[in-house]
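First up is the structure itself, then whatever we jot down about it.
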């Protein structure tokens, strides 16, 4: 009988052991879930509209201001300071420490100010009178066409003038063609004579155009002093063209930004200073060739030809004056 009681005691002990372990497991599971929940909360993103700055999620700065210092509590507002009126702005909630620079309406490109820049709104530009642009965001406006035979539709800020066409009879068109032919042919002998004479003078002075194997024309004068032409060259170029050229020819972005910042509302001066800075950096040697060939590579051949004509005519005029002076001195 005592043996039966001993056997029953062993059975109860075996059953009670697993049950007590099961109860312990039930108790520790909630603690494990709580740890996981805390980790998930720490790793979660900030609420919508907030941004993590250091250890806290911060509110954004409102339009017209920029962040000066981070928030010091969860969900708090950072220290924000106003943008500079008329110089920079922000037009939406943001977390940046910088305002955006106001747009400049370039008068040389046919633009004028429609609405001034404020702390919360960028400058709004429009075409000047007698200029138009087809796109909503214009970098430059084109001059309106002037009609010779009447206007069908006037020029507007978004469309060019539509001119009335004059239809002529076959006889009048034929006479007009003969007239144009005469006007074109009459000056040809004089132009040929002048060109031959000029080439002879150049040959006498050892001044010849170099022969090139490629299609790109190399300037006849390689080491012309561009210093006195900088302003005239700048007048022929757009600010975007000047920035693109100097950027590709060694001027760092920080220097470009510095020049733009020093002359914020004077596009003409920005172009002059950018080109002058490049010329000082490059030096006189081959600067003229670099300018002309750089414009051609940028598919601005018409602009390169225009600048080339300005310099070539000036240099040719100086040489002709020098030759004339030498001839006068030899006669005396």
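Each residue, glycine too, has its Cβ placed from N, Cα and C.
These features come from Swiss-Prot:
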- 38: N-linked glycosylation site (CARBOHYD)
- 116: N-linked glycosylation site (CARBOHYD)
- 200: S-palmitoyl cysteine (LIPID)
- 212: phosphothreonine (MOD_RES)
- 227-251: region 'Interaction with CALM' (REGION)
- 1-16: signal peptide (SIGNAL)
- 17-175: topological domain 'Extracellular' (TOPO_DOM)
- 193-332: topological domain 'Cytoplasmic' (TOPO_DOM)
- 176-192: transmembrane segment (TRANSMEM)
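If you take every residue in the topological domain 'Extracellular' (17-175) and average the pLDDT, you get 79. DSSP gives residue 116 (N-linked glycosylation site) a coil state; it is part of no helix or strand.
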